[in-house]
Amino acid sequence: MSTKINTKQIEMNEKQTLKMIIETPKTLSDEQKKAVLSGKRYVRIIAGAGTGKTETLTRRIAYLLLYHNVDPSSIVAFTFTEKAAQSMKSRIYERVKQLRGEKACNRLGEMHIGTIHGFCLRILEDYYGYGDHDVLDENQEMAFVLREGWKLGLGEGGRYAENCKNFIKSVNVVYDELIDRKKLKKKAADFCKRLESYEEILKRHRLLTFGQMVSLTVKILASNPEPIKHIQHLIVDEYQDINRAQEKLIVSIAKQANVFIVGDPRQSIYQWRGSDETCFENFVKIFPECETIFISENRRSSKHIVKIANAFADTFQRAQYKHIEPTKKCSGLCAKVEHHTPQEEAKWIISQIENYVNSGHCKYSDIAILLRSVTTSGGPFIDIMRERNIPYLVGGKVGLFRRDEARAVGKLFAWVWDDGFWIENPWKWSERTTGSELFKTGLQSWETVTGIPLSRHERKKLLEWKEKVLKGQFSNFTQIYQRLLTILGYVNLDPHNRMHAAIMANLGRFSTLLADYESSIRFGGSKPDWFSAIRGLCWYMNSYASGAYEEQPSEDIRGIDAVQIMTIHQAKGLEWPVVFIPCLVSRRFPSSKTGRSQEWFLPRNMFDVRRYEGETDDERRLFYVAITRAKDLLCLSYFKRINNSCSRSLFIESIHGLLNEADSNYNLPMIEISPSHEEKEIQTFAAGEIITYLKCPYFYRLREIWHYKPELVTPLGYGKSLHYCLRCASDMIKCGANPEQSVEKVVRDKFHLPYAGGKVREKMQEKAVNTLKKFVRKHNKDMTKIKEVEARLEFPVQRATITGKVDVILRDENDIEIRDYKTSDEVTTPEQSALQVRLYTLGLRKTGTPVTRASLAYLEEAEVQPVTVGENEVEAARKIAENCIEGILNGKFTPNPGKFCKKCDYSEICKWQKKPVVEASLIDTKVAKRRIRRAG
């Protein structure tokens, strides 16, 4: 009888759980429900724009976790961007918490939710010996190839920077298309040799590129799939945007896992960088038993917008898909407007923005201006918004140098080289600014945007600064940059002022540009010749960076109410109540570059070159993405004349009869705008970020949000390398090897300092050997107790999750101890380090590991200090962390002047720092030792 009652109770609980998954917080559509509950091993979802695919994916994962009790560690979800990953993770935590309470969230961090590149990097680091490698993003890779390209023969025939770009582009084709190396060697021997040389250079410097990571992982997993055997469920978002290498990875995982993919081929817009929308159709061919489900109920846009989107989708030349269906009752407004010139168009659009905002219908942040190219079309909008003091954020890769503050410091750096120059228009290199005009216009830009006038004395200081740079009186670009900002009066900027904060953020972005360039010329221990370094920086800024660096990303400038001006590519996955799509003229949209033959280092018949070079249907899909970003008001516009007469885009022609005609002499009619609902997403913080905030909230803002970079010193990476060597030695010791011999071998083989070479490297390596041998000799018994090294964890706290890596977990009969290795207590105090260890204890206990002891190991001193981890101490650590997170999320970055100021990387540009500024000429003699210790 009892068994029958229990069985019935279980069935009732399961039904209740299922009901809540389907109905909480809003009831899913029938199509979404079918997708979430599908029992097929392979499922393909075609989800139209605005149909709630993220919520569908979220409920699917909740269904697996709560109804089928799938272990979180066996679920992997791939998203297209880290931002999308954070959004999905936030929703999953929220849904699980709603349905099962906070405790049910404790192990959710064991799921991998992130990009395919992030997943591959983790595999390479954890299983295949790449833990000592650094990853180059696309800007850093370009800077690196500019340095190494001469050795690779890329200087032949002139156009060096263009050759470097084309080389990287061609290399990525090899990686993304998984082109067979034997065939490549046969058909393009010269390029193949250059590629192999490039890979050897990367290997020597222990570097990985984004392009490399996926193909390298696919290659390794083919012979050893052990690292992916635990995956039971793979979920892939934006499947229409994957490339061939990524498809191969997914198919490899699918051999033992269930696969659930979501995409919309109508929104495939990244073919120019390798995405292949045919992978979406191939999925059915690879897995014939796959179930295909359409989700068509659009919950984003008004009826009129949906009607136009469907009509436009019908013009696609390739496969047609089921129309999206509106669920909103309101019609909204879809207008088309003709203007005489681009300037008149921009003025009219900005007047409409002011009308809607001033009337209270919406906020600035409810509005987007989407452009095919910000470089080509953004100028008039930016100029007029600046004139009218309308807050705006610029996307697109040219965004940073649309800002006066970035142009100002860029020009002043170019001015340091006597032959320096600045290109205002990338299509008119002959119209360059040089010589004293760089100085004059740079200062004009600075004074205009900041309102800080420079006196004759300060201008003289700039001349002295230039002389000191060329004489080599600074050690690195960060010193040079901070001194420049000091002379320009940076400390007079007020971070509490919204406009000043935007300026400071973009100056932080310029700091990143300098760091990207400097790291490339310093790899391997090269000492900069400052004349050559400044000349190289000038070329890097003008030939590449001016069209590559975005304005500080809007998600990092939290809470700014500003109009978004961005490219349509950047707008993918976003939505706004009001969307303007201007400049719809032929040659701009579709782009005149579409289908144009490009230069490649490999034969055109070795890959689908047409996909990379584009065709009109690619531009159609991009336009479709643009119009489906709008919720209530969509305004399409064009102009009749720029230098010569212009014809309107063929895309307007195809939906011309469905659009409301608006007159540029009048304002748009006022319609009801959907209220903005900003979901408070759960954020993820590394434990180290909590410590950074504790040191000084303003320091946190400069480093973590605005991305000001610390000084690049020769021993940088010493602590990281010591950690990695100890990790590798620990693995050998676990297998029974002699501790001291293990350390000696590993350090000889693995020790690496990115910016040290020759005798300096040898000296630091010898120091590392002695340090680690001394440590393992003194703590020999502990080394034999190591059961796990660099254990990853992620666990929930209030409004966030905290991530970290536990250096080692030691086990004996009755105890589990965690230990964190430290190379110095110079910058992080013992109390702050203890807090970090207590947070790790909290996380491990939440996820089921009953930690009983904790300690800090100071490697230099070979000392181990115990850290108390009783319930009271761990609970206090949780409260401190949550208070820090609350401060970060609420934008509380109040300076905390005190002892830490002496150790701060930004003391020269901080108005609250206590210690007087040290003259640049004295820096080496007075502070070098401290900076070397800090680098460790």
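The backbone N, Cα and C atoms fix where each Cβ goes, glycine too.
Automated prediction, rather than curation, is the source of TrEMBL annotations.
Taken straight from TrEMBL:
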{"type": "BINDING", "residues": "Ala47, Gly48, Ala49, Gly50, Thr51, Gly52, Lys53, Thr54", "note": "ATP binding site"}
{"type": "DOMAIN", "residues": "26-302", "note": "domain 'UvrD-like helicase ATP-binding'"}
{"type": "DOMAIN", "residues": "303-573", "note": "domain 'UvrD-like helicase C-terminal'"}
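Features recorded in TrEMBL, as mapped to the structure shown.
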residue : record           : contacts (Cβ under 8 Å, 6+ apart)
Ala47   : ATP binding site : Lys53, Thr56, Val262, Gly263, Asp264, Ile295
Gly48   : ATP binding site : Asp264, Arg266, Phe294, Ile295, Ser296, Asn298, Tyr321, Lys322, His323, Ile324
Ala49   : ATP binding site : Asp264, Arg266, Gln267, Asn298, Arg300, Ser301, Ala309, Ile324, Tyr624, Val625, Thr628
Gly50   : ATP binding site : Asn298, Arg299, Arg300, Ser301, Ile324, Glu575, Thr628
Thr51   : ATP binding site : Ile295, Ser296, Glu297, Asn298, Arg299, Ile324
Gly52   : ATP binding site : Ser29, Gln32, Ile295, Glu297, Arg299
Thr54   : ATP binding site : Ala84, Ser87, Met88, Arg91, Asp237
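In sequence order, Thr56, Asp264, Ile295, Asn298, Arg299, Arg300, Ile324 are the same-chain residues whose CB sits within 8 A of the CB centroid of Ala47, Gly48, Ala49, Gly50, Thr51, Gly52, Lys53, Thr54, the residues recorded for ATP being left out. A strand conformation is recorded for Ala47 (ATP binding site) in the three-state DSSP classification. In the three-state DSSP classification, Gly52 (ATP binding site) falls within coil.
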